[in-house]
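For reference, the structure is listed below as structure tokens.
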Amino acid sequence: MVLIRVLVNFLILQLSYAQKSSELVIGGDECNINEHRFLALLYSERFQCGGTLINEEWVLTAAHCDMRNMYIYLGVHNVSVQYDDEQRRYPKKKYFRLSSRNYNQWDKDIMLIRLNRPLRNSAHIAPLSLPSNPPSVGSVCRIMGWGTITSPQVTFPDVLHCANINIFDYEVCRAAYPELPATRRTLCAGILEGGKDSCNGDSGGPLICNGQFQGIAYWGADTCAQPREPGLYTKVFDYIDWIQSIIAGNTAVTCPP
């Protein structure tokens, strides 16, 4: 049994308070407040996800993060603190791969959101460019989110947390999860000995490798950060043509197959 990493029945104003801990994201540290200017917080009354600002009007996240009455916050670090340059938007339009909400747990878990109006760059808000190349196996990558810092029991922090993990060959994830198809549009990333991982509530957030936005968190084992059970991330590089075409106004584009 595995789970999609989105939190259900989450109330953003009722986050469980987490004592200061060395286990952040799971196994990381509090993020530097200046390292996540592109990070979006998506929420409604029932769900929480992350997202990535790729220009002043567009956010990229996971398709399973689609929710009614969604609000999108930029410039957030501690959810209990309102920052001077914090900005809130809502979706003007949502785009799914192959027009589809028919993504499955293995494939096409990507959603592009056009905001109702452009954001203003500020000290804590700025977009992150799409990748120029795919990541290499062995790359050290950064994950971040407001998801649970404990698993399987959940504890939701006020402050954003980050951790470093590694890109593995896709076959490492196929060995861990035999039901995975042979697709290569998914990145396999984690720590083989366990201890660091994205988890419930981190869905849709970025995987950043060598400063480039390479993946979107979407799937993992029921209990996070277990040995030899890496997480799965939508491979952003494989969807660049689709993303750029949508932004340019070609909403009928379908790529890759």
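The backbone N, Cα and C atoms fix where each Cβ goes, glycine too.
The shown structure was predicted, so the numbers you read here are calculated from the model rather than taken from an experiment.
Pulled from Swiss-Prot, these are the features on record:
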- 1-18: signal peptide (SIGNAL)
- 25-248: domain 'Peptidase S1' (DOMAIN)
- Cys31-Cys162: disulfide bond (DISULFID)
- Cys49-Cys65: disulfide bond (DISULFID)
- His64: active site, charge relay system (ACT_SITE)
- Asn78: N-linked glycosylation site (CARBOHYD)
- Asp109: active site, charge relay system (ACT_SITE)
- Cys141-Cys209: disulfide bond (DISULFID)
- Cys173-Cys188: disulfide bond (DISULFID)
- Cys199-Cys224: disulfide bond (DISULFID)
- Ser203: active site, charge relay system (ACT_SITE)
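Around Asp109 (active site, charge relay system), a 10 Å sphere centred on its CB holds 27 further CB atoms from the protein chains shown. Comparing the Cα of Cys49 (disulfide bond) with the Cα of every entry in His64, Asp109, Ser203, these being the active-site residues, the smallest distance points to Ser203.
Mean per-residue pLDDT, taken over the domain 'Peptidase S1' (25-248), amounts to 92. A simple Cβ count within 10 Å picks out one of the disulfide-bonded residues Cys188, Cys199, Cys209 as the most packed, and that one is Cys199. Candidate disulfide-bonded residues: Cys188, Cys199, Cys209. Nearest to His64 (active site, charge relay system) by Cα distance: Cys199. When Cβ atoms from all protein chains are considered, those within 10 Å of Cys65 (disulfide bond) total 28, not counting its own. Take the Cα of Cys224 (disulfide bond) and measure to each of the recorded positions Asn78, Cys173, Cys209: the nearest one is Cys173. A straight line from the CA of Cys199 (disulfide bond) to the CA of Cys162 (disulfide bond) spans 12 Å.
Asn78 (N-linked glycosylation site) falls within a strand segment according to DSSP.
Here is what falls inside 10 Å of the CA of Asp109 (active site, charge relay system) among the disulfide-bonded residues Cys65, Cys141, Cys173, Cys188: Cys65. Each residue contributes its Cα atom, and for Ser203 (active site, charge relay system) and Cys31 (disulfide bond) these two points are 17 Å apart. Across the disulfide-bonded residues listed here (Cys31, Cys49, Cys162, Cys173, Cys224), the residue whose Cβ sits among the most other Cβ atoms within 10 Å is Cys49.
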